[in-house]
Amino acid sequence: MKKILQKHISVIPAILFFLSTFCGWSQQVIQDTIAQTQAYKQEAEQALVNYNYNTAIVSLVNANSLITGSEYEELKGDIKLRLSQLYYTLQSIDKAQLEAKEAVRIYTALGNELELAKANNQLALILIHDRKFSQAKDYAQRANRIFTRLGDEQGKSRVLFSLGMIEKGEGNHTSAINYFDAASDGMQDESLRYDRTRVLLNKAEAYSLLKGGDPGENIAIAHQNLDQAVNLIDQAGYFDLKATSYRIRSYLALKENNYLEAEKNLEIYERKNDSLYQVYLEAVSQGVDAESQLSALNAIIEDQQDDLDKKQKSINFGRMTTGLSIALIVILSLLTLSLYKNNNLRAKANELLQDKNNELQLAKEKAEKASLAKAQFLSTITHELRTPLYAVTGLTHLLLEENPKQSQMEHLNSLKFSGEYLLSLINNILDLNKLEANKVEIERTKFNLKKRVNDVLIALKKSAEDRKNNLHLEFDERIPDKLMGDPLKLSQILINLVGNSVKFTQNGDVTVRVKQMDANSQNVNLRIEVEDNGVGISKKKQKSIFESFSQASLQINRKFGGTGLGLSIVKNLLELLGSKIYLESQLGKGSKFWFDIKLDQADDLIPEINNTRNIIYDVDYVALENRNVLVVEDNKINQMITKKILEKNKISCMVADNGMDAIELVKTHNFDVVLMDIHMPGISGIEATQKIRTFNTQIPIIALTAVTIDENLDDFYKAGFNEIIPKPFKTEEFFEKIYRTLHENKQLV
């Protein structure tokens, strides 16, 4: 018994040696982790000095992955704050905010006030970018209290800059300038040159936006600050701030009515900003790739570590089975601890997976809300743009009618073109918004396809002649004369496709081909092609040309104009009709768009619907003279414009400011036609029309309004309107619809 006990005791030193060796090895691993993390951090700092964002983001992501899960919270917080600052520079705001909040949490738990203040100020800058000024001010003031308590003047200067940015964002430019002046005083140290440059740029912008004081003096001070900032930028090579300086210089030139200088600087800014965006996007992409690679590498290491652990346990178990009961207890204890940790890790992994699922669900809901908000925003902004645009186009038309000087004609024609271009943009945005909001319905009416195509070519004939293009039609005569479908949407598709070809072709040919692919007694399969020999589209751009606001290239857009919405509308309309758009193109040789569509053959018993609204009348302006028109409009400028346009053509005009006054005037006067606005204080134009129809069913009433995505045109006709004129309008279309309405109501002799 004594010999056995002595044998057991002799094993204890071996066990103690094993445990001490294991602890020493663990300590060495921790030290190596810290050293490698510091090396990654230094590598990122050096890369940022050289504006090498790709290397910087990869190094910080590696450092973050290495230190995550360790107990070294101080180093972890430092890496998180640096990552947030870099993501903020790269304009990846969501990631920047996530890392900044984590840094705030870590430094709050550690009680490190200096670093907590820096993290709070960083979070304030991020919230300013998101225009969450109230939250940003709260974090900035927290940082300011800490820096004041610690006596850190540089930190206070950075917070003053943040507070100035908040005031500027809220439109308080005088207060913003005061903050920028105070911030600049504390940024004279050479290490704060970049911060001082940012202060000067924003101070220049604040002076350019300042409403009070002498405007000329404000512009002069803005130039002084901008020149100082540009001098610092050129010395240090801050290429990100260089782009901003061109934007501010463009705005100052615009304020000074130097439009050529403004346009030149704006083009430089857009070019440099596009270049910066590509650099930032590539860096963020590198960071995402690094995170993915690290995740895969960690999984491999974890698997290998599990294999090593199992082998080590097997070896230890083999050794300990020959030992004493004490060794067996130690092995069992270690095994139990390992299982416990594995269970904890598994539980944490399940919890993390659940959190990620919740985040994905939240992100999906946010995306849906954002889509709804975008649709409502576009609907509202395009509607609100129509009222001032009506003033611009209307006043331009009136000025052109006043026999202006030859030197003024060019400016007025440019203004007229710009107004019509903006109106086209608004209409395209509304069309696209309706399509994306699923507010477009398919109609089925009997129509003649060849006549529809010819109407489109006639409508675009002048545009083609202006660009010295020839329009050609190749129509398959086997196609039946009468088909069933939605002729309006087919016309809209062809107008966009042919108009696009005309725009990007000079001294060339645009050909429309309509072919019958096959047919039976019920329907026909058609292929419609639009081909030109214009500038063409590169292979790279062909993949994205049908996306909203996509254009062939920046240079082509500058030369030919356009918003990049027409082809997107075509794509959406064809999808609505169950078809798809195709493209073949080569740079310098031209493009060919085509789509296949199935249309039903119309039964001869089905009458063809002749919609009088599709008939274009030649206006007899003499017949309109001395007609009495009531204009119902609450906007004084719109009243004046509409009245002058009517009186210019010898039409008598009376104005009502609201719907109730209009009702009383119709009761007491004999008007030939009423032009009714829809959105007015008190009762709306629709309500006013419904009340008028209760006692006068004969008087023609025309809706003169800005139509939005939420307004169903059928509701206007059901309410009693005879016609609709969207604002702003072309004067020829305005009088044509008035003439048509009077003609249809037998009021023209």
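Each residue, glycine too, has its Cβ placed from N, Cα and C.
Please treat TrEMBL annotations as automatic predictions, because they have not gone through curation.
TrEMBL annotations:
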- 1-26: signal peptide (SIGNAL)
- 320-340: transmembrane segment (TRANSMEM)
- 380-601: domain 'Histidine kinase' (DOMAIN)
- 628-742: domain 'Response regulatory' (DOMAIN)
- Asp677: 4-aspartylphosphate (MOD_RES)
- [ ] Please work out the mean pLDDT for the residues of the domain 'Response regulatory' (628-742).
- [x] 88
Open item on the list: Applying a 10 Å Cβ distance cut-off over all chains shown, what neighbour count does the residue listed as '4-aspartylphosphate' have?
Closed with: 26
- [ ] Over the span of the domain 'Response regulatory' (628-742), count residues by DSSP class, listing helix, strand and coil in order.
- [x] 51 helix, 23 strand, 41 coil
